[in-house]
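Quick one: structure below, then a few questions.
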Amino acid sequence: MGRKKIFLIGLIGFAAASALGGIATTQGMLFGARALQGVFGALLAPAALAIISVTFTVPAERAKAFGVIGAISGGGAAIGLILGGTLTEFFSWRWCLGVNTPIAIIAAILAIRFVHESRAQGDNTYDIPGVLTATAGLFSLTYGFNQAATSGWSDSHTIVFLVAAVVLLALFVAIEMRVKNPLMPLRVVTERNRGGSYLGSLVVGAGLFSMFLFLGLYLQVILGYSPLKSGFAFLPFTAGIIVFAGIASTLLPKFGPRPLMVPGLIAASVGLLMLSRITPETSYLTHVMPSLLIMSSGMALVFIPLTSTSLHAVSHHDTGVASAMVNTSQQIGGSLGTALLNTVAATATATYATAHTELGKMVQPFAMTHGFTVAFKFSAGLLFVGAIVLFFFINIGKEALVETESVIAH
């Protein structure tokens, strides 16, 4: 169909799904609209990365393009909190969905005018069995982790869904090894630099999503911030992402990816460890803001090289798949990480409350904050493990980035 057409379908579909969610009158209608947002978002994000990959073939220009994407991706989440808080506080939660519609329509109009069409060459048939088993497997895995957060790991429903996930994902791999044109060619993920990049994206998603979730709860529930004030509290994170994304895009062609990615994840891990020191009585300026600045600087140093290494030595035909794997691994990491860390936080909260009954009515905020801090420590551990993975998996230098551009360009 072409990358531009897929991109436009994703934009228009996302606009329609957002509008549907904004006017939803039932819970089922709202859930359906959110599911459609996920479907069209899954078309949109990989197509955007693939278009950038085949459009910018000069290393310096491509690094800058990925720098912009990294700044938008990382900073967009924090900006979304501000916009969402404003809309929720002064209008309605429905506008948090509806606001996407005009933005997506404007983006589609600009894409029609400025984006050139490009297509992957070769066999473009669809791997329907792969789609079905991958979707069912990932759904079962995510649902199983979420079920564990509410009912425990020994719950029968948790066990059934996790076993089903293992079976379905194993079947998916078996299918991909045999079909002519697989949904996820194993050659894409088995190359060490690309595989390491996807693992890195997985832990980044887990760390980033959990930070937004638990810090947002801390600001609103414990410190009593309004949704709008809570959104503005994340502004230092946005600023750090934007500033350091520009720095990373400049440094990447000079030093290569690993010297940026490994220190970046370590810095982000330190930022999360600093957040683990918060209490119901700590100050935003002395504890939260410095942590956000350190974490954002580290994440920016990871985002930009990660996109380049995930496309290392990939063929023109596989560019779309390789791009999709970046977004997919980050979303999976976010979903599974949030579910797992919810379990960790809930367990820590309950344990603290049981052990500190002498606090009386004050036990709840202290117990919840303790749960958040334990989750932050686990998140920091995940990011540190990610740094170790990237250290051993990523072995390309700055020269290899030039070779990658040449492969994709042809």
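Note: Cβ is positioned from N, Cα and C throughout, glycine not excepted.
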Of the ranges 126-145, 346-365, which one does TrEMBL list as transmembrane segment?
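The range carrying the transmembrane segment annotation in TrEMBL is 126-145.
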Taking a Cβ cut-off under 8 Å, which residues six or more beyond the ends of the transmembrane segment (126-145) line up next to it in the same chain?
158-162, 164-165, 167-169, 171-172, 175-176, 179, 181-184, 332, 335-336, 339-340, 343
With pairs fewer than 6 apart in sequence excluded, do the transmembrane segment (374-394) and the transmembrane segment (231-253) have three or more C-beta pairs that lie under 8 Å?
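When sequence-distant Cβ pairs are counted, the transmembrane segment (374-394) does not touch the transmembrane segment (231-253), since fewer than 3 lie under 8 Å.
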Restricting to the domain 'Major facilitator superfamily (MFS) profile' (1-398), report the mean pLDDT as a whole number.
82
